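Shown next, in structure tokens, is the structure this report addresses.
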Ligand SMILES: O=c1[nH]c(=O)c2[nH]c(=O)[nH]c2[nH]1
């Protein structure tokens with residue numbers, strides 16, 4: 001009798017990278033580029049490869065990598081949500097023992113810049129660590145209209161030098177923080193939206209491009225809303241500001257069911273310079289404190305109308 005059993009497994013290829021150039025048919029020098037890092041993990045009938053050292057069912061991870069690259073060449077990869085759907089449907093239909101798949105795609109931000117007052121046709125600036133991330137979890141047994149699809153923005157670093165407050169919080173014998181009506185607010189935005197699959201439709205129609213413009217416009221709106229509210233609101237707290245951002249995204253995008261924000265509060269501490277001839281420091285010189293940082297998370301849903 002064997003001692004152990006397999007409770008769960010998945011495998012595939014991570015860190016598959018490509019840069020794709022999309023050329024305009026009418027103007028071969030007019031390009032778009034996509035730099036992406038892809039992870040595809042397979043689920044299915046692979047137990048004997050773990051429990052009996054029988055490799056028969058294993059689709060090699062090398063094949064998974066080759067497939068990602070061939071599909072990236074043969075199909076439109078814009079937007080990444082569509083490409084994720086294409087990958088998921090490929091692996092589950094090609095191999096009868098593959099019953100599900102998770103796909104994760106990290107997309108870099110390459111943005112065209114202006115040359116002589118006009119947007120360049122094919123020259124781009126890399127916008128730092130910020131990424132667009134798409135995650136798709138699909139199991140055939142749930143049917144093609146039942147999947148988990150999320151899109152997120154990660155590492156969009158922002159800072160405002162005023163219009164941020166924090167006061168009225170709980171005070172006890174451990175409290176040293178001073179209330180403020182004017183502080184620096186800085187964070188690396190992680191914003192994630194969960195798509196409502198009954199509004200999007202089946203994976204096949206997504207893979208055929210039926211929702212391309214929805215994916216693109218919600219991404220632009222979520223990013224704009226985040227930056228707009230960050231700039232415009234006199235923030236009462238990170239908590240209140242992130243809730244307002246999430247609510248605005250839900251209002252704008254009916255295809256989204258939940259919005260999650262995870263925001264580190266990157267502290268900038270005012271230097272006390274009074275020791276030097278009583279020098280005043282009117283929120284002008286700060287110490288960027290690398291640690292510790294606050295970390296504030298929330299997931300926001302839409303209230304359904306009462307009947
Ligand atoms: O916006 C904030 N939220 C907090 O929960 C918190 N805690 C803290 O020390 N500073 C802040 N700021």
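Even glycines carry a Cβ here, placed using N, Cα and C.
Caution: TrEMBL annotation is automatic and unverified by curators.
Feature annotations, reproduced from TrEMBL:
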ACT_SITE  13  active site, charge relay system
ACT_SITE  61  active site, charge relay system
ACT_SITE  267  active site, charge relay system
BINDING   61, 62, 166, 183, 238, 239, 265  5-hydroxyisourate binding site
BINDING   61, 62, 166, 183, 238, 239, 265  urate binding site
BINDING   61, 265  O2 binding site
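Taking a Cβ distance under 6 Å to any atom of ligand 1 as the criterion, the recorded positions 13, 61, 62, 166, 183, 267 reduce to 166. Closest to residue 183 (5-hydroxyisourate binding site) by Cα-Cα distance, out of the active-site residues 13, 61, 267, is 267. Within the group of recorded positions (61, 166, 183, 239, 267), the Cβ with the highest number of other Cβ atoms inside 10 Å belongs to 183. Listed recorded positions near residue 13 (active site, charge relay system): 61, 62 (candidates 61, 62, 238, 265, 267; Cα-Cα distance within 10 Å). Residue 238 (5-hydroxyisourate binding site) sits 42 Å from residue 61 (active site, charge relay system), taking the Cα positions as reference.
It is 13 Å from the Cα atom of residue 166 (5-hydroxyisourate binding site) to that of residue 267 (active site, charge relay system). Taken residue by residue with DSSP, residue 166 (5-hydroxyisourate binding site) is part of a strand. A distance of 39 Å separates the Cα atom of residue 265 (5-hydroxyisourate binding site) from that of residue 61 (active site, charge relay system). According to DSSP, residue 13 (active site, charge relay system) is assigned to a strand segment. Per the record's binding annotation for urate, residues 61, 62, 166, 183, 238, 239, 265 show a top Cα-Cα distance of 52 Å.
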